[in-house]
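Take a look at the structure set out below.
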Amino acid sequence: MKVANLLVAFALMALASSFATAYDPSPLQDFCVGMNDPNSAVFVNGKFCKNPSLVTPDDFFYSGLNVPGNTSNQLRAHITVVYEDVWPGLNTLGVSLSRIDYEPNGGLNPPHYHPRASEILLVLKGTLYAGFVTSNPDHRLFAKTLKAGDLFAFPVGLLHFQMNVGKTPAVAIAAFSSQNPGLNTVANAVFGAVPSINPEVLTTAFHLDRKLVEDLQTQTWTDPSV
Ligand SMILES: *[C@@H]1O[C@H](CO)[C@@H](O)[C@H](O)[C@H]1NC(C)=O
């Protein structure tokens, strides 16, 4: 092989390995603004690790999801989230879950999305109407009626919802592909933003008259996960 050929081969391999290893990590939080002064910087993408010699079985144990959430709210549903912030043993594992309780006849986990995770929903009891909608331009609805033992998958970042269409309470477990999937309830973000979005934005975007927009902005928007 000529030296020139060797150099070309080497350059190609160097390029290939830089494509294979150079990538941006997925953020584990909504944002992480850079700081030039390390003394004022407190957040990293993830958490600091506990000394492994101090780790115990309890770090990998969590208890309490047998307790129903309090559904006395306007949605008549409640999400009990078990993310890394309440279960630090999940740090770096890329998984978390939540329990969702729905009152009979319409208890609703309203349209929302998880910016950092796909989700599998397992229905433990009751009957849920569940679905997700794809991105622009098609906005295809994929929806099913689910009963105990059924699973439904929600792809990362897509708008989705579940409603109890049965006459008995419903319970589901949602499993996520992130230790911190994030939860963005769309109506709350749109009409309950703090401070309020300029009503003209919402009047045009939602084909609503200004009075209705201003009324919606004064309402309380229940966070089903609180
Ligand atoms: C459930 O929430 C409602 C409304 O916030 C509250 O009044 C009630 O005391 C709560 N019930 C329990 C059992 O915590």
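The count begins at 1 with the first shown residue.
Even glycines carry a Cβ here, placed using N, Cα and C.
If you check TrEMBL, you get these features:
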{"type": "SIGNAL", "residues": "1-22", "note": "signal peptide"}
{"type": "DISULFID", "residues": "C32-C49", "note": "disulfide bond"}
{"type": "DOMAIN", "residues": "63-214", "note": "domain 'Cupin type-1'"}
{"type": "BINDING", "residues": "N109, H114, E119", "note": "oxalate binding site"}
{"type": "BINDING", "residues": "H112, H114, E119, H160", "note": "Mn(2+) binding site"}
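Shown on the structure are the features that TrEMBL records.
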residue	record	Cβ contacts under 8 Å, 6 or more apart
C49	disulfide bond	N91, T92
N109	oxalate binding site	L75, A77, I79, I100, Y102, F161, Q162, M163, P224
H112	Mn(2+) binding site	L159, H160, F161, L183, N184, T185, V186
H114	oxalate binding site	F154, V156, G157, F176, S178, P181, G182, L183, N184
E119	oxalate binding site	A153, F154, H160, A174, A175, F176, S177, P181
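Each of the recorded positions C32, H160 was scored by the number of other CB atoms within 10 Å of its CB, and the largest score is that of H160. Secondary structure from DSSP puts N109 (oxalate binding site) in a beta strand. According to DSSP, E119 (oxalate binding site) sits within a strand segment. Close to the recorded oxalate site, the chain also has S98, H112, Y113, A117, L121, F154, H160, A174, F176, P181, L183: residues not among N109, H114, E119 whose Cβ is within 8 Å of the site's Cβ mean position. Within 8 Å of the centroid of the Cβ atoms of H112, H114, E119, H160, where the record puts Mn(2+), the same chain has further Cβ atoms from Y113, A117, F132, F154, L158, L159, A174, P181, L183. Taken together, the residues in the domain 'Cupin type-1' (63-214) have a mean pLDDT of 97 on the 0 to 100 scale.
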